[in-house]
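Engineer: Structure incoming, see below.
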Amino acid sequence: MQEPQFVGISLLPISLFGIVFNWTVTFIIIKDKSISSPFMLLTVVKSFCDAVYLTVYFLYVTPMIVLANKFMIRYSGHAGYLLVVCYEISIHTHFLTSLNRFSAVFFPFSYKITFSIRATSIYLIVIAIFSFSMMTFVIYGLDCKLEYDPSTWVAFYDVTIPVCGWYAYYADFMKNVVVILADAIIDIVTLLKVQKMRRQFRDGKRADNYTKKEADFLKQTFGQGICYLMGYASYLVVPANSNKYVTFFMSLVSWALIAMIDGLFTIVYNSEIRTKIWKKQEATVGSTVVSVNN
């Protein structure tokens, strides 16, 4: 087994666990209407995009690298298109989620209007249309395909084409860095506000419960934001002329890992999702016991 095929195996457990985490969150929110809310709507869209993203990794990217399949490598640009569309929707949805938490904490009275189910749905539709339109134009209109290069073990835009190089650096990398930094600032400000509220209303059970729920949602959003921030920081820390192993793990592996951790953080920090998972497990165990007793 050649080197790229060997390191490609590392994508298998990451994508598999990520699929389980994100599809679980997606199905639970869609199926259980009792936990529907603007925040949950944002969560399900992000989890769905991450789930599709990792499914492409599991069914296409990983087999392509491990098997060194020439046909799959030749048409990897189409998989790259689907991956980058999901990524764009996910990262912009995360920014909207940060604004959702900020609005809920700082502007609770207008929150129900600015982030109603209807308004949130419109925001998400705009994000989806923008992401699909932009990436379709860039990849198929400008021919800036995101293809896997077996000689370098990575998939990047072809920067030898001037317009693609400009897009890759300014409209993609720099734009997303700004979005991620804005996420971090918004989340930190919101988190500090929540902690202040919890100290002020420590003796008030109702207020404490309210702010604790906000804090739990914020931990989910903040944790996901840190993952994005660390992923982009790797580009600034790792030299451009790094060896193939470093480049591979800081690109293809890092991107898959971020999507996987997104789903994990949603389950760990979202008590409503976690409660539904435990209930399903208890119901399954209970039905098994009844079945055995009969």
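Each residue, glycine too, has its Cβ placed from N, Cα and C.
Straight from TrEMBL, here's the annotation block:
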type	residues	note
DOMAIN	21-269	domain 'G-protein coupled receptors family 1 profile'
TRANSMEM	6-30	transmembrane segment
TRANSMEM	120-142	transmembrane segment
TRANSMEM	173-192	transmembrane segment
TRANSMEM	222-240	transmembrane segment
TRANSMEM	246-269	transmembrane segment
Engineer: If you average pLDDT over the domain 'G-protein coupled receptors family 1 profile' (21-269), what do you get?
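Structural biologist: Summing pLDDT over the domain 'G-protein coupled receptors family 1 profile' (21-269) and dividing by its length gives 85.
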Engineer: To the transmembrane segment (6-30), which of 120-142, 173-192, 246-269 is linked by the most Cβ pairs under 8 Å?
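Structural biologist: Answer, by Cβ pair count: 246-269.
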Engineer: Which bits of the chain, at least 6 residues beyond where the transmembrane segment (173-192) starts or stops, bring a Cβ under 8 A of a Cβ in it?
Structural biologist: 91-92, 94-95, 98-99, 101-102, 105-106, 215, 218, 221-222, 225-226, 228-229, 232, 235
